[in-house]
Amino acid sequence: MLAAQITRSLHHQRYWKSVDDLDYMYVKYARIWIPDPEVVWKSAELVKDYKSGDKVLHLRVEDGKELQYSLDAKSKELPPLRNPDILVGENDLTALSYLHEPAVLHNLKVRFIDSKLIYTYCGIVLVAINPYEQLPIYGEDIINAYSGQNMGDMDPHIFAVAEEAYKQMARDERNQSIIVSGESGAGKTVSAKYAMRYFATVSGSASEANVEERVLASNPIMESIGNAKTTRNDNSSRFGKYIEIGFDKRFRIIGANMRTYLLEKSRVVFQAEEERNYHIFYQLCASATLPEFKTLRLGNASYFHYTKQGGSPVIDGIDDAKEMMNTRRACTLLGIADSCQMGIFQILAAILHLGNVAFTSRDADSCTIPAKHEPLTIFCDLMGVEYEQMAHWLCHRKLATATETYIKPISKLQAINARDALAKHVYASLFNWIVDHVNEALHSTMKQHSFIGVLDIYGFETFEINSFEQFCINYANEKLQQQFNMHVFKLEQEEYMREQIPWTLIDFYDNQPCINLIEAKLGILDLLDEECKMPKGSDNSWAQKLYNTHLNKSVLFEKPRMSNKAFIIQHFADKVEYQCEGFLEKNKDTVYEEQIKVLKSSKFKMLPELFRDEKPISPTTATPSGRTPLSRAAVKPSKSKTAQTSKEHKKTVGHQFRNSLHLLMETLNATTPHYVRCIKPNDFKFPFMFDEKRTVQQLRACGVLETIRISAAGFPSRWTYQEFFSRYRVLMKQKDVLSDRKQTCKNVLEKLILDKDKYQFGKTKIFFRAGQVAYLEKIRADKLRAACIRIQKTIRGWLLRKKYLRMRKAAITIQRYVRGYQARCLATFLRRTKAAIIIQKFQRMYVVRKRYRRTLAGTIVLQSYLRGYIARKKYQQMLRGHKATIIQKHVRGWLARVRYHRSLEAIVYLQCCFRRMMAKRELKKLKIEARSVEHYKKLNVGMENKIMQLQRRIDEQSKDSKSLIEKLSTLEAAYTSETEKLKNDVERLKMSEEEAKNATNRVLSLQEEISKLRKELHQTQTEKKTIEEQAEIYKQETDQLVLELKEQNTLLKTEKDELNRRIQDQAKEITEVMEKRFTEETKQLDLDLNNERQRYQNLLQEFSRLEERYDDLKDEMKVMVSISKPGHKRTDSTHSSNESEYTYSSEITEAEEFPMRTEEPSEKKAPLDMSLFLKLQKRVTELEQEKQSLQDELDKKEEQALRTKVKEEERPQMRGAELEYESLKRQELESENKKLKNELNELRKALMEKSAPNVTAPGSPAYRVLLDQMTSVSEELEVRKEEVLILRSQLMSQKEAIQPKNTMTDSTILLEDVQKMKDKGEIAQAYIGLKETNRLLESQLQSQKRSHDNELEALRGEIQSLKEENNRQQQLLAQNLQLPPEARIEASLQHEITRLTNENLYCEELYADDPMKYQSYRISFYKRMIDLMEQLEKQDKIVRKLKKQLKVYAKKIDELEVGQMDNISPGQIIDEPIHPVNIPRKEKDFQGMLEYKKEDEPKLVKNLILDLKPRGVAVNLIPGLPAYILFMCVRHADYLNDDQKVRSLLTSTINGIKKILKKRGDDFETVSFWLSNTCRFLHCLKQYSGEEGFMKHNTPRQNEHCLTNFDLAEYRQVLSDLAIQIYQQLVRVLENILQPMIVSGMLEHETIQGVSGVKPTGLRKRTSSIADEGTYTLDSIIRQLNTFHSIMCQHGMDPELIKQVVKQMFYIIGAVTLNNLLLRKDMCSWSKGMQIRYNVSQLEEWLRDKNLMNSGAKETLEPLIQAAQLLQVKKKTDEDAEAICSMCNALTTAQIVKVLNLYTPVNEFEERVSVSFIRTIQLRMRDKKDSPQLLMDAKHIFPVTFPFNPSSLALETIQIPASLGLGFICRV
């Protein structure tokens, strides 16, 4: 039946119009598709050629059976042909040569089952199959990979569709729509969610409010109130929604708006089997125990009628309580207040309690609610309404006529329906209220420039029973299908017109008649609305109207044969039968007005808001952008002009849905649509299971096959001329190849395909009819196969001939040797045979004689023993019989006596029992006679009178008896208790009697057992004797065993010695293993160091980004401020060098940039103030959290101190120092927190005083408050910086003391990398971390210095150090004597610091075994260091004062000398003796300096940095000349001891470099030039710093040029950070340059021509792999690498730094290439693997040419190399799997499996990777612990280091060229 349906559908849709022209393809071995009832389509192979006129086809199916397939006698249509295997699994279905239903189904199945690919293109449609499994293909790395890519360049994905929509919106300035449709459970909601996540990720938001997070946060809310579990889906959307995501002019998200359609209200009151109500109800029940939900009086979901009907309240794997937390969190994020949230939950809880309201029938027409009914009471309390009114109107209704109003009771069934209708109406109103508030939260005040709409709507539905909901759903799908068909046809026609080829308009299925049947005048909806207005309208009368109007008049309308209450509509997908029952009720959606009035009068404020009347929305009131929120439930009925309370004038549900659908279609028609069709592969929700029947039903319903049909009607296969030439070059001869590719293709096609109608030549492409590409592929494969056969024939013949000659020669040689050997063997055999016969004769005679004698002797012995044994046995038998007779005699007598005694006892006992029974009977008779009346009369004659007297006496005493009765009752109670006790005693006695009886019986049995035991004792004694005999034997055996054990013991001793020897060997091996482990741990520590360095550099990068943002905002502020104030405030000269604005911490930067932040000039400034307020408030909360964390940390430390009080007493100084430090830190944080709070309060007051737009203008109170805060923060920062300087000096000295001397250079570099601290918290953390590091190092030192000769080595080292110290002291003393007096004090202090450092090193070695003493020594050492630093500062101040006084005195002396010289004559001058004067001699030690004036500093920075052209300097001057010039200027300032000049020059230099990099930061040459000069400047500061670690490579002359007055270690750190920032900017620049080249050059370009063939592509064209003009090739990449390398070498960049840059470049190339390979199925082939390996080899050759093989760049390409190898290795057997697992160690398991799944043969000679092989790989690699991430992080930047590289250039030899314009400076 299914096969017939398939054939009819194919015939109806005319898929095979062009197949009739392919009769020549139906030859032997051709593969076709035939219908099958199980799998829909089955593959078969022709056994015999088909000839025109044949009625049957001879086929062989895949299981080997042969059959005859009968053709249709009328149509004579042939079954569809199967595509070649090379085309199976394509990304785009339109790339298939044969376009038909079986090809589509098979292609989807192969991709889904074999390749685990869920997305496939079908022209403009993305087909998404639900895998029912979480796949790792939706991470942020995948989003980044698809961002900016063309849709056909990457594998199909929902992100590709989203990127295409986003790109077209930006490029075409046109709104976009993504239409997601499919069945319930097909994954529509998830697909729409991922599309919205993509937009939120790639676009960002235009404001600080993170709109994209709020857009995504709307999903949990809508899922909780609009999704439910069905039999098909655990999270089925029971409503349709259209979300418009708004963008601004820069295409950033600014807001969103949501429209909903057709909420399934009936689910609130009814659920089918195995289904649930909406998720929110179960979330409430799961959270009922929360304190805030106690008032809702909720319980288990099985308690409420509205949640227990489905019988499945729990979904596997879902925690409703956690989902409730997510829902509440999302509500909070969207701005829904907690009070509103509780109001929502209160209404939902009331709905649940309303469902439990029960009704009691009075009669057939009335009912009541029980008094004080608990569910209704709870409902009224929650809703804030009166119990009596609600109870009354739930059981009554009001009927209004023209004159009067009646109140009528309703039946129980009507009351239940009214209750359910009220619940549905309240829920629908609440749903609309939530949607409105979500839209308010997503609404933006900014102007919307464009939008992208995401439509998540239900697909075509057909069930066994279809009602009003299915009718509306299918009506909506008819409208969407019509729009889809028109769009597909339009795109197809535009393509042909663009290529200028002849195009005949084709007829496609137009479903307008079906739409007219539903919505036109007198259509189904019109008749339904008309019937709803009738007073006595019913479903039956409406059905009759439908029959009368449309039956036999519309071919799309039918009537079922067996029903008068249903109708059938022929939809575009299938026929659907609708049941008329319930249509009118659902269309009316009736709710009693009186119940709504009761709810409107509620005291609960939120409830009346749900029922506010809204204006009706018409299509004309919608805004052009479609932003008017409209839904089926949101459209409220308008008030009638006549104030009637009837609901008749309300718009019906069908009318509202039709209007909203028209609005939706208007919106979609005004946008560019993108289609996503979701397919449900099976109904069991099994992962990766493909049900062909269900899939083909959905393919027909969702329009995929319609796209195929439209494409197949024209020219579905398209090739560019270059691609066609590359693919089919093998079919051409050399003479056919012309320079013009287009003409060449035309000439070849005319020869290959004779019918010119089968193809058309366009401007850039060749268009083929269906099947022609398969025909060309067949010709190509035949030619390649013939060539292969010819090659195989020649090679095999040559190989066999060679093998035959070799075998013939070998056979002759073997024959010669074999024949000689056989002759020699024959002679030997004859000799041995003769000798053997003689030996056998004598041997056999001897054996026979010996056997006879042995047999005779044995026979005689056996006879004697046997006869004796028989005689003894007979005697024993006679003796045993005699003894048995005696025993029987005695036993039988004893048994007879025992039996007699037992019988006698039983008879006596029976007599006693019988006599007792007779006596009891006699006694009973006597008692009866004594009690009888007659007996008394006989005994007492005449006693009647006495009885009468006694009767009177009894009457008199009756009164007394009453009182006695009461006493008797009490006595009876006591008596009963006593009797019960007695009964218990009797029962206990009976039990004891029975036990006695049992005991007697037990005694008898025991006696019998005693007799048995006696017998057993006798047996035991006999056995004992035998055991003793056996014990003797065992003893002997034991002795023998002891001897054997002794022997074994000696053996064990020898084995023990052997084991000891082995243990020693193992100990050696263990030591070796430990050494290896130690090296591995060392490597791990190095890795951790690199990670820490990378983290620091990432923070530095973030800091530079914030700094740039701050500069941009400051520039914008300067532009916007009307009154500009030139100049800037200078800082005090005594402040630290880190006070410049470029060296602030990231927190300070954020705090300063917020006051300067403004919006665009055209916008208001009011939102700016609020953002400032929020940012400052956030900063305060962060500081409070930091304070709290520090307080907790302090409490923990205090508790720890109390626990270790004994240890603390041993070191009181250390404990006091730490506590003082912690308390000081806490006090400082508290004071800082108070300051920030005060500042925030001032800011709030300033903002609240004035709310005008110019609040933040200069001069306003808020502006002044912000400026005051900035100044206070800067002052506070300055104080902190001074503290940081002291602590850093301590840390530096400690670090130098801990590290060994031979690693002094590396330690200093590491210290510079981690030295920069931002605030007190970081210093404290560093201090704590440093203490832990010291403890670890101390433990290592203890373990390493336990050897016995440690003391000797220590003494020798001490002697050597003393000698070195003595020499150094003498040198320093000589140097100090040469210094001027004012510098001697400072030099002595420096000398003292050096001495203390050396002493610290010595003490560290001395106290290595005693950490407590070493810790106390370090504390005292720090105190001395601090004292020395304070003393140094005091001396600096004194020296400055003395210098000022000296200058004043010098001026006075000069004035006096000038005055005296005026009064003295020349003669007097000659005659007077010359007094000795201090004449300054020429200082040759200070050469190599440059002198400039203070006012020339801006000119110096401008000419040397800002206006300098890197190209001219790099070509004509020495490398690093600007750095040398700047350092020589710094040297001169240092020589003058002018700290202000040094600080100003260094700050200006840093700012100038940042400025030029900001201006020309995208120029690689500029960035490289200043990276090189910054590093050279840094190396100069190190080389001439005077530190021993940097001076060891200097010449004596260079050592004389060291800085003498200032320690610029702080500025070295600043310059190191600047160099890191420049390096990161350099990486970004080269990445932007290389990014467009990588994919084209490494993957797409054919470096080896002709290796890879181009496969057919579909409508989504990928980038061509043929190099056109302007396309990047591998040579382009290598040329660019040469350019980069030559520029860096010209600029004199350090070789180590060049290696790091090259390593980063190669990592980018490898990561981008591998990521694209993993996302492109067309690139995963054997030939592409060869291309990649060749390209990589070219890159390696470039590294070898540049001597960069040791840079680590080649290792970064290892994942790409292994991926290429994976494409080329064999992939069949288990050995291949093992080889792959061992080879691909740089690839993750996910990457290996992905490559294997994507592997696609380019030619038919290759084979696909089997699913079993992929599973084998997964099993082998399941224990491998690697990252589940699929793609590599292409944005990753390796941490950079700047190894110290001293310069050999002498400073005094540097000449300044005139071209630099530095004539104002002079050499000193």
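Counting starts with 1 at the first residue shown.
Cβ atoms are placed via backbone N, Cα and C, with glycine included.
TrEMBL: automatically predicted annotations, no manual curation.
Among the ranges 362-384, 661-683, 914-936, the one that TrEMBL lists as region 'Actin-binding' is 661-683.
Looking at 165-199, 690-724, 1425-1459, 1810-1844, the stretch flagged in TrEMBL as coiled coil turns out to be 1425-1459.
As annotated in TrEMBL, region 'Disordered' covers the listed stretch 1187-1212 rather than the other ranges in 1005-1030, 1187-1212. In sequence order, Glu223, Asn227, Asn235, Ser237, Asp456 are the residues of the chain that are 6 or more apart from Thr189 (ATP binding site) and have a CB within less than 8 Å of its CB. Distant neighbours of the region 'Actin-binding' (661-683): 108, 112, 122, 124-132, 158, 161, 164-165, 168, 172, 174-188, 191, 195, 232, 242, 259, 261, 453, 455, 459, 475-476, 479-480, 483-484, 487, 619, 622, 624, 626, 628, 630, 689-691, 694-695, 698-699, 702-704; these residues of the same chain sit at least 6 beyond its ends, with a Cβ under 8 Å from one of its Cβ atoms. Note on Glu183 (ATP binding site): other Cβ atoms within 10 Å of its Cβ, all shown chains, come to 25. Averaged across the domain 'Myosin motor' (88-781), pLDDT for the predicted model comes to 82. In the shown protein chains, 25 other C-beta atoms lie within 10 A of the C-beta of Gly187 (ATP binding site).
The Cβ neighbour count for Ser184 (ATP binding site), using a 10 Å radius and every protein chain shown, is 19. If you draw a 10 Å sphere around the CB of Lys188 (ATP binding site), it holds 27 other CB atoms from the protein chains shown. One way to see the shell of the ATP site is to take the Cβ centroid of Gly182, Glu183, Ser184, Gly185, Ala186, Gly187, Lys188, Thr189; the remaining same-chain residues with a Cβ within 8 Å of it are Asn130, Asn233, Ser236, Ser237, Gly459, Cys678, Lys680.
Around Gly185 (ATP binding site), a 10 Å sphere centred on its CB holds 20 further CB atoms from the protein chains shown.
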